[in-house]
Each structure stands twice: as structure tokens, then as C-alpha cells.
């Protein structure tokens, strides 16, 4: 839900700077990278580099050029600190201390933990809610879409490439749109299944058009941000309005309200853009860590709501 919207906002802002951050514009950085590549990334020197490179680094796709950028980044950071200047960003990102082959260790681990929390709650939901519940299959599909998004978030923070970046963006967009669909099914679709089905087809077409435009025409970060913020606001407003309207009849909607409001409050962490603590923990990683318990709350809401709907449908069946 909102965590995917906020993550897209941060990614869009970061990539918007990727073509010219202060650090990678520095002549000392560019000269360092150029000299490093000339010295290490061709001929016998490249063979020597590959012979010394750990197997896990090569499997993760780290090249000689990537290693030169990493070494020269820290060389430039050292010069900045010696002169008493603020730590610069490089290619739209703060400098992170690499752990093994993981580019952003804290964010990668936090994304993994978010995924594990979703997986645990998916298993709990499947064990607690019978498949005959009206919302069972819709909620299960939402859980798998969320798991997929957190998988690609983990991969992206482990190794930032053009492919992993796009998959992270697209899967996050899919979660937001599916959350809108989930809300539509719960608020409208149970009484009017054809409306929910038509709306689902519309959302699928929107996602397909969104991905096609960004993949085949132009990867426009400004458009991507605006599109996801708009859908995210629709998602949050719809859920919040329905929960508040039904709070007396359905006490378990309080969990959903808490999740929606906390996600909005926690998204403010993304505004605290500061160099990583210990070169590992930045505002984005802290935000990822803070969203882990919210998965538990939201899936508890889905579980209670699905059991309520099952009980309600069984009562109607007995009356009929």
C-alpha cells in the first residue's frame, strides 16, 4: 500500500539525480575512475582482476568498472571529509559500505524482513481462513503480489542495475494497483462482482500501459512518480473512508486505519535525507525497518475481516 508509494517517491527522487550528483561530477572522481579502468579493466590486468575477484562478486554481476567506481567513490569521500565538506552523493545515491556483494546492506535486509513478514502472515492467513471465505482468493493473491514486490526490492538493494531497478518500480506499482482492487472487491465487488471484475480489467490495462510506456517509449521518472502518487492517494482515501464509515459495525477495521495512518506518518522518514550512519543505515533503510510490523497488522485485519465475511455468508445461507 502506502509503503510502496513512498518507496517509489524516494527511488524517483534518487534516480532523478543519477545523471549528475555532486560526487560523480567531481573531476577527481572521474579521473580516478578513468585511470582505474585503464590500469585494471583491459588485457592481462582484467584477467588478473577476474582471477582475484571472489566468485560471489562475479555471480552478482560486479564488474571491473563497477569496482573502480566503488573504490574511487570512497577516495572522493575521503577527500571531502578531509576538507571538512559534506558527504556527496554519487549517481543519485549516498555512499554505502558494501557487504560481500550487497550494495545497500541495511535496505536489502529490511526488504527481506518485510518479505518474510508477509510470508509468515500469508501462511497464517491460509491456515486460519477457510477457502470458502468470500475474500480468500483475493487476499491470497494480494499476499503473493506483495511478496513478489519485496523480493525485487531485496534484489534491487542488493545489486542496482537497469533491470533490477525497473522490476522494483513495476512490482511496487503492481502492489499499489492490486491494493486498490482489493479495496474495490471488499467495498463493492462482494455485492456487484461484475463491477469488480470490470474494474480489475481496467487496472490491469493501466498497469500494462504504464509498464509498456516506461519500457518501450521512455523511462520518465517524473511521470512514474505522479502516476503512482495519484493511485496511492486513491488507494489510501478509499480504504480510510470505508474503514471510518464501518468502524462501529466492524471493530477490526481499526487495524486497517492504524496501518493507513502509520504508513502516512512513517513516509515522512523519507524526507530525512542524510548520509548513512556507519555508511550502512540511511533514512530509506530506517523506513523499510519501520514498515515490518505493519504487514502483521494489515494481514490481521484481512484475516479478521475474511472470517467475519465467512460467518456472515454462512448465516445468510442458513436463513435461506
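Backbone N, Cα and C atoms are what each Cβ position is placed from, and that goes for glycine too.
Sequence annotations record features per position, and here TrEMBL assigns signal peptide to 1-20.
Among the features that TrEMBL reports, transmembrane segment is placed at 105-123 (among others). Distant neighbours of the transmembrane segment (105-123): 3, 96-99, 140, 143-144, 146-147, 150-151, 153-154, 156-158, 276, 280-282, 284-285, 288-289, 291-293, 295-296, 299-300; these residues of the same chain sit at least 6 beyond its ends, with a Cβ under 8 Å from one of its Cβ atoms.
The annotation transmembrane segment is assigned in TrEMBL to 135-155 (among others). Remote same-chain partners of the transmembrane segment (135-155), defined as residues 6 or more beyond its termini with a Cβ less than 8 Å from a stretch Cβ, comprise 4, 7, 108, 111-112, 114-115, 118-119, 121-122, 125-126, 129, 164, 167-168, 171-172, 174-175, 178-179, 181-182, 185-186, 190, 288, 295, 299, 302, 305-306, 309.
Long-range contacts of the transmembrane segment (167-188) within the same chain: residues 1, 4-5, 7-8, 11, 135, 138-139, 141-142, 145-146, 148-149, 151-153, 155-156, 195-196, 199-200, 203, 206-207, 210-211, 214, 224, 227-228, 231-232, 234-235, 238-239, 242, 305, each at least 6 residues beyond the stretch ends and with a Cβ under 8 Å from a Cβ of the stretch. According to TrEMBL, the feature transmembrane segment maps to 167-188 (among others).
Taking Cβ pairs closer than 8 Å, the transmembrane segment (195-213) reaches residues 170, 173-174, 177-178, 180-181, 184-185, 188-189, 220, 223-224, 227 in its own chain, all 6 or more past its ends. Annotated transmembrane segment per TrEMBL: 195-213 (among others), in sequence order.
Per TrEMBL, the feature transmembrane segment maps to 225-244 (among others).
Annotation source TrEMBL lists transmembrane segment at 256-279 (among others).
Same-chain neighbours of the transmembrane segment (285-302): 1, 3, 6-7, 104, 106-107, 110-111, 113-114, 117-118, 121-122, 124-125, 135, 139, 142-143, 146, 153, 252-253, 255-256, 258-259, 262-263, 266-267, 269-270, 272, 276, counting only residues six or more beyond its ends whose CB sits under 8 Å from a CB of the stretch. What TrEMBL records for 285-302 (among others) is transmembrane segment.
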